[in-house]
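One structure is given below, encoded as structure tokens.
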Amino acid sequence: MKKYQDHFFKKAKQEQYPARSVYKLKEIHNQFKFFTRGQRVLDLGAAPGSWTLYAAEQVGPTGVVLGVDLQETSTGFPPQVIFLQDDVFEPSPVLQELLQIHSPFDVIISDMAPRTTGVKFADQARSHDLCLAALALARSHLVHGGRFVVKVFMGPDSKALQMDMQQSFKTVKIHKPKSSRSESKEIFYVGLDFQGAPV
Ligand code: SAM
């Protein structure tokens, strides 16, 4: 299995993506085809920037990708990318303004992950909180019919999250990318056809 992981690591280097995680998004996109030219995309947990770069390639120069992360990145992005160091739990006034300017987004993607503590339940709970923060942003800033991709660490709250998403999306699919580490508990929920926040 190690060889398989090295393969994605090397491939990312060759193709000039800063992280191997880009292949997870590519796989998800190959299946669900949610990006098109000119779209507005919100990328949560964007550093170091491989999802942002891929989204920027897909939407092209007429699109916009707003990438947000707690951490800075030194990755060079094309002009359609705005990268902001910020916290989804406490959006700064700058982030709030950018969200207003660029809303509604056609696609919102979240690869956010907490800094792991090694305590399984604590890590799962923190990941769940990040998923809820991403879903709340999707409910406020996604266009009707829009798409939402969120990384989930499978745990006791995952089913509740799926049901919560089903209240806002016509379809919620589950995807486990081949390029995820086999031992990883991560899966992705893909919400298709946004219907609005539940009343
Ligand atoms: N998608 C990225 C890429 O392809 O380069 C990799 C993302 S990495 C797996 C997860 C990111 O989530 C980390 O960079 C982390 O800083 C970010 N993150 C965690 N908590 C966050 C929060 N509260 N607000 C914003 N970003 C957060």
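Placed from the backbone N, Cα and C atoms, the Cβ positions cover glycine too.
A TrEMBL annotation is a machine prediction, not a hand-curated record.
If you look up TrEMBL, you'll see Lys151 marked as active site, proton acceptor. For Gly49, Trp51, Asp69, Asp87, Asp111, the entry in TrEMBL reads S-adenosyl-L-methionine binding site. Residues or ranges marked as domain 'Ribosomal RNA methyltransferase FtsJ' by TrEMBL: 17-194.
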Between Gly49, Trp51, Asp87, which of the binding-site residues has its C-beta surrounded by the fewest other C-beta atoms within 10 Å? Asp87
On a count of neighbouring CB atoms within 10 A, which of the binding-site residues Asp69, Asp111 is highest? Asp111
Tell me which recorded positions (Gly49, Trp51, Asp69, Asp87, Asp111, Lys151) have a Cβ under 6 A from ligand 1; sequence order is fine. Gly49, Trp51, Asp69, Asp87, Asp111
Just how spread out is the S-adenosyl-L-methionine site if you go by the largest Cα to Cα distance in Å among Gly49, Trp51, Asp69, Asp87, Asp111? 18
Asp87 (S-adenosyl-L-methionine binding site) and Lys151 (active site, proton acceptor), compared by Cα position, are separated in whole Å by 17
Nonlocal neighbours by CB distance (under 8 Å) for Lys151 (active site, proton acceptor), same chain, sequence gap 6 or more: Gly45, Ser110, Asp111, Met112, Ala113, Ser127, Cys131, Glu186, Ile187, Phe188
Going by DSSP, give the three-state secondary structure for Gly49 (S-adenosyl-L-methionine binding site). coil
